[in-house]
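Engineer: This is the structure I want to talk about, given as C-alpha coordinates.
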Amino acid sequence: MEPVQKLQIPYKSIRLSDGTEYQSYHTEGALSGKQPADYKNGIPAFRKEWIQKRFNHSNHSQMYFAKKGIITEEMRYAAFRENMEPEFVRSEIACGRAILPSNRNHPELEPMVIGKNFLVKINANIGNSTFSSSIEEEVEKLHWAIKWGADTVMDLSTGKNIHETREWILRNSPVPIGTVPIYQALEKVKGKTENLNIQIFLETLEEQAEQGVDYFTIHAGVLLRYIPLTTNRITGIVSRGGSILAKWCQAHHKENFLYTHFDEILKVMKKYGVSISLGDGLRPGSIADANDKAQFSELETLGELTQLAWKEDIQVMIEGPGHVPMNLIKENVDLQTKICQEAPFYTLGPIVTDIAPGYDHITSAIGAAMIGWYGTAMLCYVTPKEHLGLPNKEDVKQGVIAYKIAAHAADLAKGHPGAIDRDNLLSKARFEFRWEDQFSLSLDPETAKTFHDEMLPQDRMKTAHFCSMCGPHFCSMNLTQELRKFAQEKEIQES
(Lines of atoms letter the chains of each structure in order from A and count residues from 1; the text may use other names and numbers.)
(Lines give C-alpha, C1' and ligand atoms only; values in the text may rest on other atoms or scores of the structure.)
Protein backbone atom coordinates (compact mmCIF):
# COMPACT_ATOMS: atom_id res chain seq x y z
CA MET A 1 0.00 0.00 0.00
CA GLU A 2 1.30 3.44 -0.92
CA PRO A 3 2.53 5.31 2.18
CA VAL A 4 0.63 8.32 3.47
CA GLN A 5 3.76 10.46 3.24
CA LYS A 6 4.08 9.86 -0.50
CA LEU A 7 0.43 10.79 -1.04
CA GLN A 8 0.82 13.93 1.12
CA ILE A 9 -2.53 13.56 2.85
CA PRO A 10 -3.73 16.96 4.15
CA TYR A 11 -3.95 16.63 7.93
CA LYS A 12 -3.88 19.48 10.41
CA SER A 13 -1.36 18.61 13.11
CA ILE A 14 -2.18 19.98 16.59
CA ARG A 15 0.74 19.68 19.02
CA LEU A 16 -0.25 19.92 22.68
CA SER A 17 1.79 21.08 25.67
CA ASP A 18 1.92 17.57 27.17
CA GLY A 19 3.68 16.27 24.05
CA THR A 20 0.57 14.73 22.50
CA GLU A 21 0.05 15.33 18.78
CA TYR A 22 -3.41 15.16 17.23
CA GLN A 23 -3.98 14.98 13.48
CA SER A 24 -7.37 16.26 12.37
CA TYR A 25 -9.10 15.87 9.01
CA HIS A 26 -8.20 18.95 6.99
CA THR A 27 -9.83 20.46 3.89
CA GLU A 28 -7.46 23.32 3.04
CA GLY A 29 -4.83 21.10 1.47
CA ALA A 30 -2.03 23.05 -0.22
CA LEU A 31 -3.66 26.33 0.84
CA SER A 32 -2.97 25.53 4.51
CA GLY A 33 -4.13 28.80 6.00
CA LYS A 34 -2.99 30.95 3.12
CA GLN A 35 -4.31 31.84 -0.31
CA PRO A 36 -2.58 32.69 -3.60
CA ALA A 37 -1.43 36.30 -3.86
CA ASP A 38 -3.40 36.47 -7.11
CA TYR A 39 -6.41 34.20 -7.58
CA LYS A 40 -5.59 34.03 -11.32
CA ASN A 41 -2.53 31.93 -10.45
CA GLY A 42 -4.77 29.18 -9.07
CA ILE A 43 -3.41 26.27 -7.03
CA PRO A 44 -1.30 23.23 -8.11
CA ALA A 45 -2.90 20.63 -10.44
CA PHE A 46 -2.61 17.92 -7.81
CA ARG A 47 -4.18 15.03 -9.83
CA LYS A 48 -2.80 15.81 -13.27
CA GLU A 49 -0.70 12.65 -13.65
CA TRP A 50 -3.44 10.40 -12.26
CA ILE A 51 -5.96 11.75 -14.76
CA GLN A 52 -3.62 11.44 -17.74
CA LYS A 53 -3.17 7.71 -17.08
CA ARG A 54 -6.93 7.16 -17.50
CA PHE A 55 -7.65 9.78 -20.16
CA ASN A 56 -8.54 7.30 -22.94
CA HIS A 57 -11.38 5.65 -21.02
CA SER A 58 -14.91 6.33 -22.29
CA ASN A 59 -16.25 6.66 -18.74
CA HIS A 60 -14.39 8.75 -16.16
CA SER A 61 -16.70 8.04 -13.22
CA GLN A 62 -15.10 6.57 -10.10
CA MET A 63 -18.02 4.12 -9.99
CA TYR A 64 -17.00 2.78 -13.40
CA PHE A 65 -13.52 1.91 -12.13
CA ALA A 66 -14.84 0.66 -8.77
CA LYS A 67 -17.20 -1.80 -10.46
CA LYS A 68 -14.25 -3.15 -12.45
CA GLY A 69 -12.43 -3.82 -9.18
CA ILE A 70 -9.90 -1.04 -9.80
CA ILE A 71 -8.71 1.00 -6.82
CA THR A 72 -7.89 4.40 -8.28
CA GLU A 73 -5.38 6.82 -6.78
CA GLU A 74 -8.37 8.95 -5.74
CA MET A 75 -9.89 6.05 -3.80
CA ARG A 76 -6.58 5.32 -2.08
CA TYR A 77 -6.15 8.99 -1.18
CA ALA A 78 -9.69 9.28 0.21
CA ALA A 79 -9.21 6.06 2.18
CA PHE A 80 -6.11 7.41 3.92
CA ARG A 81 -7.98 10.60 4.80
CA GLU A 82 -10.67 8.48 6.47
CA ASN A 83 -8.22 6.02 8.11
CA MET A 84 -9.89 3.20 6.17
CA GLU A 85 -8.77 0.53 3.73
CA PRO A 86 -8.79 1.51 0.03
CA GLU A 87 -10.69 -1.68 -0.81
CA PHE A 88 -13.52 -0.61 1.51
CA VAL A 89 -13.77 2.75 -0.27
CA ARG A 90 -13.84 0.98 -3.64
CA SER A 91 -16.57 -1.44 -2.54
CA GLU A 92 -18.76 1.35 -1.13
CA ILE A 93 -18.48 3.31 -4.39
CA ALA A 94 -19.13 0.20 -6.49
CA CYS A 95 -22.42 -0.56 -4.74
CA GLY A 96 -23.54 3.09 -4.85
CA ARG A 97 -23.43 3.64 -1.09
CA ALA A 98 -20.69 6.27 -1.47
CA ILE A 99 -19.45 8.71 -4.08
CA LEU A 100 -16.09 10.29 -4.78
CA PRO A 101 -16.84 13.48 -6.77
CA SER A 102 -13.95 14.13 -9.17
CA ASN A 103 -14.27 15.65 -12.64
CA ARG A 104 -11.32 14.76 -14.88
CA ASN A 105 -10.94 18.50 -15.60
CA HIS A 106 -10.56 19.48 -11.95
CA PRO A 107 -6.96 18.34 -11.34
CA GLU A 108 -6.63 20.72 -8.38
CA LEU A 109 -9.06 18.52 -6.42
CA GLU A 110 -7.86 16.62 -3.34
CA PRO A 111 -10.12 13.53 -3.33
CA MET A 112 -12.69 12.88 -0.60
CA VAL A 113 -15.51 10.39 -0.19
CA ILE A 114 -19.17 10.94 0.72
CA GLY A 115 -21.17 8.09 2.24
CA LYS A 116 -22.91 7.08 5.44
CA ASN A 117 -20.05 4.77 6.47
CA PHE A 118 -17.56 7.64 6.38
CA LEU A 119 -17.21 10.91 8.28
CA VAL A 120 -20.27 13.13 7.83
CA LYS A 121 -19.32 15.87 5.36
CA ILE A 122 -20.58 19.44 5.02
CA ASN A 123 -21.15 21.66 2.00
CA ALA A 124 -20.98 25.45 1.89
CA ASN A 125 -22.83 27.48 -0.74
CA ILE A 126 -21.25 30.56 -2.27
CA GLY A 127 -21.98 32.54 -5.43
CA ASN A 128 -22.89 36.01 -6.56
CA SER A 129 -26.34 37.48 -7.12
CA THR A 130 -27.74 40.22 -9.33
CA PHE A 131 -27.18 42.64 -6.45
CA SER A 132 -23.64 42.04 -5.26
CA SER A 133 -20.28 40.25 -5.20
CA SER A 134 -17.25 40.21 -7.51
CA ILE A 135 -15.20 37.23 -8.74
CA GLU A 136 -12.44 38.05 -6.27
CA GLU A 137 -14.95 38.16 -3.41
CA GLU A 138 -16.34 34.74 -4.37
CA VAL A 139 -12.85 33.17 -4.53
CA GLU A 140 -12.17 34.72 -1.13
CA LYS A 141 -15.43 33.18 0.18
CA LEU A 142 -14.29 29.82 -1.20
CA HIS A 143 -10.99 29.98 0.69
CA TRP A 144 -12.79 31.21 3.79
CA ALA A 145 -15.31 28.34 3.73
CA ILE A 146 -12.52 25.80 3.25
CA LYS A 147 -10.48 27.37 6.06
CA TRP A 148 -13.30 26.64 8.51
CA GLY A 149 -13.84 23.11 7.25
CA ALA A 150 -16.19 22.94 4.25
CA ASP A 151 -15.74 19.56 2.53
CA THR A 152 -17.39 20.66 -0.72
CA VAL A 153 -18.54 24.02 -2.07
CA MET A 154 -21.41 24.81 -4.40
CA ASP A 155 -21.23 27.84 -6.69
CA LEU A 156 -24.81 29.09 -6.94
CA SER A 157 -24.01 32.29 -8.84
CA THR A 158 -26.99 33.94 -10.53
CA GLY A 159 -25.47 37.37 -11.25
CA LYS A 160 -22.93 38.65 -13.77
CA ASN A 161 -19.92 36.75 -15.12
CA ILE A 162 -21.22 33.30 -14.11
CA HIS A 163 -18.77 31.42 -16.36
CA GLU A 164 -15.69 33.39 -15.31
CA THR A 165 -16.63 33.29 -11.62
CA ARG A 166 -16.95 29.51 -11.78
CA GLU A 167 -13.66 29.16 -13.67
CA TRP A 168 -11.66 30.90 -10.95
CA ILE A 169 -13.47 29.11 -8.16
CA LEU A 170 -12.49 25.79 -9.77
CA ARG A 171 -8.88 26.78 -10.41
CA ASN A 172 -8.54 27.73 -6.74
CA SER A 173 -10.40 24.84 -5.12
CA PRO A 174 -8.91 21.72 -3.49
CA VAL A 175 -12.45 20.54 -2.63
CA PRO A 176 -15.19 19.29 -4.98
CA ILE A 177 -17.28 22.03 -6.60
CA GLY A 178 -20.97 21.59 -7.35
CA THR A 179 -23.39 23.73 -9.36
CA VAL A 180 -27.05 23.94 -10.35
CA PRO A 181 -26.76 24.22 -14.18
CA ILE A 182 -30.38 25.31 -14.68
CA TYR A 183 -29.43 28.72 -13.20
CA GLN A 184 -26.98 29.50 -16.00
CA ALA A 185 -29.31 28.00 -18.60
CA LEU A 186 -32.00 30.43 -17.45
CA GLU A 187 -29.53 33.31 -17.67
CA LYS A 188 -28.85 32.32 -21.31
CA VAL A 189 -32.54 32.82 -22.17
CA LYS A 190 -32.56 36.14 -20.29
CA GLY A 191 -34.68 34.80 -17.44
CA LYS A 192 -37.59 33.69 -19.62
CA THR A 193 -38.41 30.25 -18.23
CA GLU A 194 -40.64 29.27 -21.15
CA ASN A 195 -37.67 29.63 -23.55
CA LEU A 196 -35.63 26.92 -21.83
CA ASN A 197 -35.09 23.64 -23.69
CA ILE A 198 -32.93 20.54 -23.52
CA GLN A 199 -30.45 21.83 -26.11
CA ILE A 200 -29.66 24.94 -24.07
CA PHE A 201 -29.42 22.84 -20.92
CA LEU A 202 -27.06 20.26 -22.45
CA GLU A 203 -24.90 23.04 -23.87
CA THR A 204 -24.68 24.54 -20.37
CA LEU A 205 -23.95 21.14 -18.86
CA GLU A 206 -21.11 20.52 -21.31
CA GLU A 207 -19.69 24.01 -20.68
CA GLN A 208 -19.61 23.51 -16.92
CA ALA A 209 -18.32 19.93 -17.11
CA GLU A 210 -15.53 21.07 -19.45
CA GLN A 211 -14.48 23.62 -16.81
CA GLY A 212 -14.25 20.91 -14.15
CA VAL A 213 -17.44 20.98 -12.05
CA ASP A 214 -17.48 17.82 -9.91
CA TYR A 215 -21.20 17.39 -9.27
CA PHE A 216 -24.39 18.79 -10.74
CA THR A 217 -27.72 19.27 -8.99
CA ILE A 218 -30.31 18.10 -11.52
CA HIS A 219 -34.01 18.61 -10.69
CA ALA A 220 -35.24 15.78 -12.90
CA GLY A 221 -37.80 14.54 -10.37
CA VAL A 222 -40.15 17.54 -10.64
CA LEU A 223 -42.83 15.95 -12.81
CA LEU A 224 -45.85 17.66 -14.32
CA ARG A 225 -48.31 15.52 -12.35
CA TYR A 226 -46.65 16.42 -9.03
CA ILE A 227 -47.07 20.19 -9.37
CA PRO A 228 -50.78 20.25 -8.30
CA LEU A 229 -49.75 18.43 -5.10
CA THR A 230 -48.09 21.66 -3.93
CA THR A 231 -51.25 23.79 -4.28
CA ASN A 232 -52.31 23.58 -0.64
CA ARG A 233 -48.85 24.07 0.80
CA ILE A 234 -48.19 27.14 2.92
CA THR A 235 -44.96 27.94 1.06
CA GLY A 236 -45.50 26.15 -2.25
CA ILE A 237 -42.33 25.28 -4.19
CA VAL A 238 -39.27 26.81 -2.50
CA SER A 239 -36.47 25.24 -4.54
CA ARG A 240 -35.23 27.72 -7.16
CA GLY A 241 -34.53 24.91 -9.61
CA GLY A 242 -37.80 23.21 -8.78
CA SER A 243 -39.85 26.35 -9.32
CA ILE A 244 -38.11 27.11 -12.64
CA LEU A 245 -38.92 23.64 -13.98
CA ALA A 246 -42.46 23.63 -12.58
CA LYS A 247 -43.12 26.92 -14.36
CA TRP A 248 -41.70 25.49 -17.62
CA CYS A 249 -43.89 22.36 -17.32
CA GLN A 250 -47.02 24.44 -16.81
CA ALA A 251 -46.15 26.90 -19.58
CA HIS A 252 -45.80 24.10 -22.14
CA HIS A 253 -48.02 21.51 -20.44
CA LYS A 254 -45.24 19.02 -21.09
CA GLU A 255 -43.17 16.73 -18.92
CA ASN A 256 -39.95 18.07 -17.35
CA PHE A 257 -37.30 17.95 -20.10
CA LEU A 258 -34.64 16.94 -17.57
CA TYR A 259 -36.67 13.78 -16.90
CA THR A 260 -37.49 12.95 -20.52
CA HIS A 261 -33.88 13.52 -21.64
CA PHE A 262 -32.17 12.04 -18.60
CA ASP A 263 -30.18 9.60 -20.76
CA GLU A 264 -28.57 12.49 -22.65
CA ILE A 265 -27.62 14.17 -19.36
CA LEU A 266 -25.90 10.97 -18.23
CA LYS A 267 -23.74 10.93 -21.37
CA VAL A 268 -22.17 14.24 -20.34
CA MET A 269 -21.65 12.97 -16.79
CA LYS A 270 -19.91 9.86 -18.07
CA LYS A 271 -17.61 11.78 -20.42
CA TYR A 272 -16.15 13.96 -17.65
CA GLY A 273 -16.68 11.81 -14.55
CA VAL A 274 -19.21 14.23 -13.05
CA SER A 275 -21.40 12.98 -10.19
CA ILE A 276 -25.12 13.68 -10.15
CA SER A 277 -26.89 15.16 -7.14
CA LEU A 278 -30.58 14.52 -7.74
CA GLY A 279 -32.26 17.71 -6.59
CA ASP A 280 -35.31 17.79 -4.34
CA GLY A 281 -37.23 20.44 -6.27
CA LEU A 282 -40.36 19.79 -4.21
CA ARG A 283 -38.73 19.87 -0.78
CA PRO A 284 -40.81 21.43 2.01
CA GLY A 285 -40.09 25.10 2.71
CA SER A 286 -41.99 25.23 5.98
CA ILE A 287 -42.65 22.93 8.92
CA ALA A 288 -46.31 22.62 7.93
CA ASP A 289 -45.37 21.20 4.50
CA ALA A 290 -42.92 18.55 5.73
CA ASN A 291 -43.26 14.91 4.62
CA ASP A 292 -46.20 15.61 2.32
CA LYS A 293 -47.30 13.77 -0.81
CA ALA A 294 -45.47 16.17 -3.16
CA GLN A 295 -42.14 15.62 -1.40
CA PHE A 296 -42.37 11.84 -1.25
CA SER A 297 -43.79 11.47 -4.77
CA GLU A 298 -40.69 13.22 -6.09
CA LEU A 299 -38.52 10.95 -3.92
CA GLU A 300 -40.02 7.89 -5.67
CA THR A 301 -38.95 9.37 -9.01
CA LEU A 302 -35.46 10.08 -7.67
CA GLY A 303 -35.22 6.40 -6.79
CA GLU A 304 -36.09 5.51 -10.39
CA LEU A 305 -33.50 7.96 -11.74
CA THR A 306 -30.86 6.57 -9.38
CA GLN A 307 -31.19 3.16 -11.00
CA LEU A 308 -30.86 4.66 -14.48
CA ALA A 309 -27.67 6.50 -13.47
CA TRP A 310 -26.17 3.42 -11.82
CA LYS A 311 -26.74 1.40 -15.00
CA GLU A 312 -24.38 3.87 -16.69
CA ASP A 313 -21.92 3.71 -13.76
CA ILE A 314 -22.66 7.31 -12.78
CA GLN A 315 -22.23 8.26 -9.11
CA VAL A 316 -25.40 9.53 -7.44
CA MET A 317 -26.37 11.31 -4.26
CA ILE A 318 -29.91 12.34 -3.30
CA GLU A 319 -30.81 15.79 -2.02
CA GLY A 320 -33.25 16.17 0.85
CA PRO A 321 -35.15 18.74 2.91
CA GLY A 322 -35.52 21.39 3.96
CA HIS A 323 -37.90 22.26 6.82
CA VAL A 324 -38.83 19.25 8.98
CA PRO A 325 -39.83 19.06 12.67
CA MET A 326 -37.67 16.75 14.77
CA ASN A 327 -40.31 14.03 15.08
CA LEU A 328 -40.48 13.61 11.28
CA ILE A 329 -36.74 13.61 10.49
CA LYS A 330 -36.11 9.87 10.81
CA GLU A 331 -38.90 9.04 8.36
CA ASN A 332 -37.04 11.05 5.69
CA VAL A 333 -33.88 8.98 6.11
CA ASP A 334 -35.72 5.66 6.30
CA LEU A 335 -37.71 6.32 3.12
CA GLN A 336 -34.73 7.70 1.20
CA THR A 337 -32.62 4.69 2.18
CA LYS A 338 -35.32 2.27 1.02
CA ILE A 339 -36.40 4.05 -2.18
CA CYS A 340 -32.92 5.08 -3.34
CA GLN A 341 -31.23 1.89 -2.13
CA GLU A 342 -28.71 3.59 0.16
CA ALA A 343 -27.42 6.19 -2.30
CA PRO A 344 -25.81 8.93 -0.16
CA PHE A 345 -28.32 11.40 1.30
CA TYR A 346 -27.40 15.11 1.09
CA THR A 347 -29.71 17.39 3.08
CA LEU A 348 -30.22 21.11 3.58
CA GLY A 349 -30.47 21.15 7.35
CA PRO A 350 -33.27 20.39 7.96
CA ILE A 351 -34.54 23.48 9.74
CA VAL A 352 -36.64 22.29 12.70
CA THR A 353 -38.63 25.46 13.41
CA ASP A 354 -39.62 28.45 11.29
CA ILE A 355 -39.66 31.15 14.00
CA ALA A 356 -36.01 32.23 14.05
CA PRO A 357 -34.94 34.29 11.00
CA GLY A 358 -31.37 35.43 11.64
CA TYR A 359 -30.63 32.24 13.58
CA ASP A 360 -31.38 29.57 11.00
CA HIS A 361 -27.80 28.30 11.22
CA ILE A 362 -28.89 27.12 14.68
CA THR A 363 -32.42 25.90 13.83
CA SER A 364 -30.96 23.89 10.96
CA ALA A 365 -27.87 22.58 12.77
CA ILE A 366 -30.22 20.90 15.26
CA GLY A 367 -31.90 19.02 12.44
CA ALA A 368 -28.57 18.42 10.68
CA ALA A 369 -27.10 16.71 13.75
CA MET A 370 -30.13 14.45 14.01
CA ILE A 371 -30.35 13.54 10.33
CA GLY A 372 -26.58 12.94 10.23
CA TRP A 373 -26.93 10.56 13.18
CA TYR A 374 -29.66 8.66 11.30
CA GLY A 375 -27.40 8.18 8.28
CA THR A 376 -27.23 11.29 6.09
CA ALA A 377 -23.84 11.45 4.38
CA MET A 378 -23.49 15.19 3.71
CA LEU A 379 -25.09 18.28 5.25
CA CYS A 380 -25.58 21.48 3.29
CA TYR A 381 -24.94 24.40 5.59
CA VAL A 382 -27.36 27.18 6.36
CA THR A 383 -26.09 30.63 7.35
CA PRO A 384 -27.64 33.25 9.66
CA LYS A 385 -28.72 35.10 6.50
CA GLU A 386 -30.94 32.25 5.26
CA HIS A 387 -34.31 33.65 4.07
CA LEU A 388 -32.94 37.19 4.59
CA GLY A 389 -30.11 37.96 2.16
CA LEU A 390 -26.80 37.05 0.50
CA PRO A 391 -24.31 35.79 3.13
CA ASN A 392 -21.04 37.63 3.70
CA LYS A 393 -17.74 36.16 4.97
CA GLU A 394 -18.77 36.16 8.62
CA ASP A 395 -22.08 34.48 7.77
CA VAL A 396 -20.18 31.80 5.84
CA LYS A 397 -17.95 31.17 8.86
CA GLN A 398 -20.90 30.94 11.25
CA GLY A 399 -22.68 28.51 8.93
CA VAL A 400 -19.64 26.28 8.46
CA ILE A 401 -18.83 26.16 12.19
CA ALA A 402 -22.46 25.34 13.08
CA TYR A 403 -22.40 22.48 10.59
CA LYS A 404 -18.98 21.17 11.62
CA ILE A 405 -20.47 20.87 15.11
CA ALA A 406 -23.55 19.07 13.74
CA ALA A 407 -21.47 16.70 11.58
CA HIS A 408 -19.09 15.86 14.43
CA ALA A 409 -22.00 15.32 16.84
CA ALA A 410 -23.46 12.88 14.31
CA ASP A 411 -20.13 11.05 13.98
CA LEU A 412 -19.99 10.71 17.77
CA ALA A 413 -23.55 9.39 17.93
CA LYS A 414 -22.83 6.85 15.18
CA GLY A 415 -19.71 5.67 17.01
CA HIS A 416 -17.48 6.49 14.06
CA PRO A 417 -13.94 5.19 14.72
CA GLY A 418 -11.75 7.89 16.25
CA ALA A 419 -14.50 10.53 16.37
CA ILE A 420 -14.31 10.82 20.15
CA ASP A 421 -10.51 11.29 20.30
CA ARG A 422 -10.57 15.07 19.92
CA ASP A 423 -13.34 15.41 22.52
CA ASN A 424 -11.32 13.36 25.00
CA LEU A 425 -8.18 15.41 24.41
CA LEU A 426 -10.04 18.67 24.88
CA SER A 427 -11.83 17.41 28.01
CA LYS A 428 -8.50 16.35 29.51
CA ALA A 429 -6.96 19.75 28.67
CA ARG A 430 -9.99 21.46 30.21
CA PHE A 431 -9.73 19.50 33.45
CA GLU A 432 -6.00 20.22 33.67
CA PHE A 433 -6.48 23.93 32.89
CA ARG A 434 -4.28 23.80 29.81
CA TRP A 435 -5.94 26.81 28.21
CA GLU A 436 -3.75 27.05 25.11
CA ASP A 437 -4.39 23.37 24.34
CA GLN A 438 -8.13 23.96 24.71
CA PHE A 439 -7.93 26.79 22.18
CA SER A 440 -5.87 24.71 19.74
CA LEU A 441 -8.29 21.77 19.86
CA SER A 442 -11.34 23.99 19.33
CA LEU A 443 -13.13 24.13 15.97
CA ASP A 444 -12.66 27.91 16.18
CA PRO A 445 -9.50 28.62 18.23
CA GLU A 446 -9.66 32.37 17.57
CA THR A 447 -13.12 32.76 19.10
CA ALA A 448 -12.34 30.48 22.06
CA LYS A 449 -9.22 32.51 22.91
CA THR A 450 -11.00 35.84 22.42
CA PHE A 451 -13.82 34.87 24.79
CA HIS A 452 -11.38 33.66 27.45
CA ASP A 453 -9.21 36.77 27.18
CA GLU A 454 -12.04 39.31 27.37
CA MET A 455 -11.71 39.48 31.16
CA LEU A 456 -8.47 37.56 31.77
CA PRO A 457 -6.04 38.69 29.05
CA GLN A 458 -2.82 38.37 31.08
CA ASP A 459 -0.37 35.62 30.10
CA ARG A 460 -0.33 34.28 33.66
CA MET A 461 -4.04 33.54 33.32
CA LYS A 462 -3.22 30.91 30.65
CA THR A 463 -2.12 28.66 33.52
CA ALA A 464 -4.73 29.77 36.07
CA HIS A 465 -6.97 27.07 37.55
CA PHE A 466 -10.14 29.06 36.92
CA CYS A 467 -11.81 31.31 34.35
CA SER A 468 -13.90 34.46 34.74
CA MET A 469 -17.12 32.45 35.09
CA CYS A 470 -16.37 30.90 38.50
CA GLY A 471 -13.25 32.66 39.70
CA PRO A 472 -10.61 31.03 41.94
CA HIS A 473 -12.96 29.81 44.71
CA PHE A 474 -15.94 28.31 42.87
CA CYS A 475 -14.38 26.28 40.04
CA SER A 476 -15.79 22.75 40.25
CA MET A 477 -12.88 21.19 38.37
CA ASN A 478 -10.31 22.87 40.62
CA LEU A 479 -12.25 21.68 43.67
CA THR A 480 -12.36 18.16 42.23
CA GLN A 481 -8.59 18.20 41.74
CA GLU A 482 -8.18 19.22 45.39
CA LEU A 483 -10.52 16.41 46.46
CA ARG A 484 -8.51 13.88 44.46
CA LYS A 485 -5.25 15.18 45.89
CA PHE A 486 -6.67 14.90 49.41
CA ALA A 487 -7.88 11.36 48.76
CA GLN A 488 -4.50 10.38 47.35
CA GLU A 489 -2.68 11.79 50.35
CA LYS A 490 -5.02 9.98 52.74
CA GLU A 491 -4.88 6.85 50.57
CA ILE A 492 -8.65 6.81 50.24
CA GLN A 493 -9.60 4.16 47.68
CA GLU A 494 -12.70 4.14 45.50
CA SER A 495 -15.01 1.42 46.83
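Glycine residues also receive a Cβ, built from the backbone N, Cα and C atoms like all the rest.
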Engineer: Would you identify which residue of Glu87, Glu92, Glu312, Glu319 Swiss-Prot lists as part of the substrate site it also attributes to Asn125, Met154, Tyr183, His219, Ser239, Arg240, Gly241, Asp280, Gly281, Leu282, Arg283, Tyr346?
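Structural biologist: Between Glu87, Glu92, Glu312, Glu319, Swiss-Prot records just one in the substrate site with Asn125, Met154, Tyr183, His219, Ser239, Arg240, Gly241, Asp280, Gly281, Leu282, Arg283, Tyr346, namely Glu319.
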Engineer: If you measure every Cα to Cα distance among Asn125, Met154, Tyr183, His219, Ser239, Arg240, Gly241, Asp280, Gly281, Leu282, Arg283, Glu319, Tyr346, the residues said to bind substrate, what is the biggest one in Å?
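Structural biologist: Largest Cα to Cα distance for the substrate-binding set is 20 Å.
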Engineer: Among the binding-site residues Arg283, His323, His387, which residue has its Cβ surrounded by the fewest other Cβ atoms within 10 Å?
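Structural biologist: Ranked by other Cβ atoms within 10 Å, the binding-site residues Arg283, His323, His387 bottom out at His387.
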Engineer: Check the binding-site residues Tyr183, Tyr346 for other C-beta atoms within 10 angstroms of each C-beta and report the one with the most.
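Structural biologist: Highest number of other Cβ atoms within 10 Å: Tyr346.
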Engineer: Have a look at the binding-site residues His323, His387, Cys470, Cys475 and say which one has the shortest Cα distance to Tyr183 (substrate binding site).
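Structural biologist: Its closest listed neighbour, by Cα, is His387.
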Engineer: For a quick check of packing: other C-beta atoms within 10 Å of the C-beta of Ser239 (substrate binding site), how many?
Structural biologist: 23
Engineer: Output, ordered by sequence, the same-chain residues six or more apart from Cys470 ([4Fe-4S] cluster binding site) with a CB under 8 Å from its CB, or 'none'.
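Structural biologist: Correct list: Ser476.
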Engineer: Based on Cα distances to Asn125 (substrate binding site), point out the closest of the binding-site residues His323, His387, Cys475.
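Structural biologist: Ranked by Cα distance from Asn125 (substrate binding site), first place goes to His387.
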Engineer: Where does Arg283 (substrate binding site) sit in the DSSP three-state scheme?
Structural biologist: coil
